[in-house]
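J.: In case it helps, TrEMBL gives these features for our protein:
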REGION    359-379  region 'Disordered'
COMPBIAS  361-370  compositional bias 'Polar residues'
DOMAIN    414-491  domain 'Recombination activating protein 2 PHD'
BINDING   C419, C423, H455, C458  Zn(2+) 1 binding site
BINDING   C446, H452, C478, H481  Zn(2+) 2 binding site
Amino acid sequence: MSLQMVTVGNNIALIQPGFSLMNFDGQIFFFGQKGWPKRSCPTGVFHFDVKHNHLKLKPAVFSKDSCYLPPLRYPATCTFKGSLESEKHQYIIHGGKTPNNELSDKIYVMSVVCKNNKKVTFRCTEKDLVGDVPEGRYGHSIDVVYSRGKSMGVLFGGRSYIPSAQRTTEKWNSVADCLPHVFLVDFEFGCSTSYILPELQDGLSFHVSIARNDTIYILGGHSLANNIRPANLYRIRVDLPLGSPAVNCTVLPGGISVSSAILTQTSNDEFVIVGGYQLENQKRMICNIISFEDNKIEIREMETPDWTPDIKHSKIWFGSNMGNGTVFLGIPGDNKQAVSEAFYFYMLKYAEDDVNEDQKTFTNSQTSTEDPGDSTPFEDSEEFCFSAEANSFDGDDEFDTYNEDDEEDESETGYWITCCPTCDVDINTWVPFYSTELNKPAMIYCSHGDGHWVHAQCMDLAERTLIHLSEGSNKYYCNEHVEIARALQTPKRVPPLKKPPLKSLHKKGSGKILTPAKKSFLRRLFD
């Protein structure tokens, strides 16, 4: 067991709350940045390259027949073995939050179609579901079971927005536990069936799940409705005969109370659980070994790593499983120092790279969650977090490099910005203000200088004014720059009124000559 500090490149800023790590034959890939993918990497998937304890993110590419994959945060992921040799190792991705803070209900399948020494090419396909389709959610789990030569996906838990009929302005972004239903998903035919098991009373989120052959073990988790982390351990067994599947659940003794924990596999029959929280804002510093023997599960405490003082004293920590007995950990930097890193990162290795890649045992845990902000205590959706600012990719010859001139700075043009000193728009508390808003704040462009975006609500714009300015091409100046703009404007020069010559008053061809009295009258009129 070793704990080593990891230095990071500038592009580490792409790692944001809710990220996921995928292990393809020992190569780690990062997925789930916060915001829309960069134009230099439209896939939003990056090679998580760690060499000599230094981390770089390098863009990955998709094949031409791939679908678009949004950078989902807090999705459920698991590995899956396809029937074809080319689909030997795949990742299933379900749910998660989109950049617009909506919840996805789609299923994506990620596989490698080409790999060489320089880069890996992925194929991403979307699976359409029919039947009992699970609602969009996050903080849940999805696993694959194998029985009688067939396979089936098992989805459980998570959180979702409250029903539309109950969503008011004050509770627009409120979430609730999903119903404790178990969904069986046939990836080949796209069929989904819901099962109600009496042993499952709570819709647990941010739990740990382990799949072994035809059985899934659910450990820990948090019930938002009761605000508890029950020390329960569930065993869900799925039988796939020729007819309808049979699903049963058993409550086992020996569970532990933990949420948002990280699970990594150290051998064919042994796992290690690290991190997480045992109370609302109290970290769980104890580590556990989970071992299997003759279809029996045993959970016991193990010797804890030599945590650094920074890790011990930090209020939050975050991370994800890198596979092969390795965990990626991070803690917030010390803001009290004049020059401080946003985060400090560590790699915790429990075992060497001796895990059998062909085993039928896969793990899943919900580990990366929302921004904690400055408030405490944290709910589970706020426990594991990343936050930073992207500058550039550290380019190598074999990888595309990021050119910041290719796009606008998201910190200035994104919806979740501080547009003025009195701006109070927050991604975690924002609710619709205008009838034209659905899932993002209305913004308007200020033309002062190089221009910048401001929130219409912060500028106290009436909705009629907002619509009028949005439809036209008139320049707009925000409250801070409107006086400056007025001072720069000069009155338009009005040309003097030209007096028509008297001879022009004589109509050509009329044969009439104006009398002196008429001439005097016209002079007084025009003067």
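Every residue, even glycine, has its Cβ placed from backbone N, Cα and C.
Whatever TrEMBL says is automated annotation, not expert-curated.
These numbers come from a predicted model, not from an experiment.
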J.: Please list, in sequence order, the residues in the chain of H455 (Zn(2+) 1 binding site) that are at least six apart in sequence and whose C-beta is under 8 Å away from its C-beta.
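T.: Same-chain residues close to H455 (Zn(2+) 1 binding site) (Cβ under 8 Å, separated by 6 or more) are C419, C423, V425, P441, A442, M443.
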J.: Specify all same-chain residues, apart from the site residues C446, H452, C478, H481, whose Cβ lies within 8 angstroms of the center of the Cβ atoms of the Zn(2+) 2 site, ordered by sequence.
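T.: Near the Zn(2+) 2 site, the remaining chain residues are Y445, S447, H448, G451, V454, Y476, Y477, E480.
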J.: Consider the binding-site residues C446, H452, C478, H481 and say which one has the Cα lying nearest the Cα of C458 (Zn(2+) 1 binding site).
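T.: Smallest Cα separation from C458 (Zn(2+) 1 binding site) among C446, H452, C478, H481: C478.
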J.: Including all protein chains shown, what's the count of other C-beta atoms within 10 A of the C-beta of C478 (Zn(2+) 2 binding site)?
T.: 21
J.: Could you check the binding-site residues C419, C423, C446, C458 and say which one's CB has the fewest neighbouring CB atoms inside 10 Å?
T.: C423
J.: Around the Cβ of H481 (Zn(2+) 2 binding site), how many other Cβ atoms lie within 10 Å? Please give the count over every shown protein chain.
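T.: Other Cβ atoms within 10 Å of H481 (Zn(2+) 2 binding site): 17.
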